[in-house]
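Copied over from TrEMBL:
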{"type": "ACT_SITE", "residues": "K23", "note": "active site, charge relay system"}
{"type": "ACT_SITE", "residues": "T68", "note": "active site, charge relay system"}
{"type": "ACT_SITE", "residues": "H261", "note": "active site, charge relay system"}
{"type": "BINDING", "residues": "T68, D69, F167, R184, Q233, N259", "note": "5-hydroxyisourate binding site"}
{"type": "BINDING", "residues": "T68, D69, F167, R184, Q233, N259", "note": "urate binding site"}
{"type": "BINDING", "residues": "T68, N259", "note": "O2 binding site"}
Amino acid sequence: MTGVPGPYHNSSNLEILNVEYGKNMIKLLRIRRDGKKHCIKEVEACVHLRLDSVNEYSQGDNSAVIPTDTMKNAVLALAKCNGIETIEQFALDICNYFISSYCHVMYVKAYIQEAPWRRLEQNGVPHAHSFIFVPEGIRFCEVERCCPLISSGIKDLKLKKTTQSGFEGFHRDKYTTLPETTDRILSAELFCKWYYGKCQDIDFDCVWDIVHESVLEAFSGPPDCGEYSPSYQKTVNDIQMLILARVPQIEETEVILNNIHYFVTDLKKLGLYRII
């Protein structure tokens with residue numbers, strides 16, 4: 001809300017700027033049973049709406065408000081009726097439902113993240129109904145309507161390499177104590193988000209797999225020799241450039257590497273010396 005500063009306000013001088021509301025943390029596990037073989041999708045959804053009036057705020061009139069409990073139940077019903085082939089399509093289904101079902105809904109945003117379950121294997125044989133939680137990054141997406149705007153991403157992906165990284169030639173002043181190095185541990189938690197241009201005929205699963213593999217490849221380099229990283233910034237750029245080169249449907253990327261520092265401890269003070 002904005003208006004004229006002061007201890008008292010005339011309501012005619014005020015404008016309500018944001019009337020978005022919604023339901024967060026809608027958790028569901030969908031199991032598809034094909035005989036003895038089971039397939040699962042566990043997701044967490046957030047849905048936000050914007051209505052064509054602000055009467056619930058200004059007048060206390062709730063007649064147009066869609067309860068968050070209704071929003072939760074609609075998401076569960078859509079999962080039951082349509083399934084969840086990909087979280088991007090499920091987010092589109094959610095947005096399309098609220099836009100088409102309620103004429104007074106002007107804007108919908110759906111955020112969905114998928115729990116990274118992988119089917120267990122025993123001696124190379126896939127298990128029929130058991131799964132393991134794998135910390136290889138959490139897949140998420142966000143869809144906005146009126147005009148479909150789709151983004152997907154990876155978060156909480158932890159990466160580390162023990163060499164082939166350095167940092168030198170940086171700006172120095174009186175507060176700089178960091179020594180230059182050509183050999184350090186590069187460790188980070190990655191957040192990667194990408195935006196699709198045209199939103200038709202996209203294999204979202206395939207794109208996510210390509211992006212995930214591109215992140216790992218650009219960070220680590222070839223398995224026998226690696227790839228030297230002169231800075232976090234250069235590695236971020238290498239990841240983005242490889243993604244854009246491999247996936248033409250992606251229009252824009254955002255990558256954040258949150259640095260996890262490791263410092264060398266001089267154990268000579270403890271009487272311990274390196275043995276070659």
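Here the Cβ of each residue, glycine as well, is placed from N, Cα and C on the backbone.
Sequence features annotated in TrEMBL and their locations in the structure.
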residue	record	contacts (Cβ under 8 Å, 6+ apart)
K23	active site, charge relay system	C46, V47, T68, D69, M71, K72, V75
F167	5-hydroxyisourate binding site	L178, E180, T181, R184, P230, S231
Q233	5-hydroxyisourate binding site	none
N259	5-hydroxyisourate binding site	S187, A188, Y232
H261	active site, charge relay system	S187
Sparsest-packed of the listed recorded positions (T68, D69, R184) - C-beta count within 10 angstroms = D69
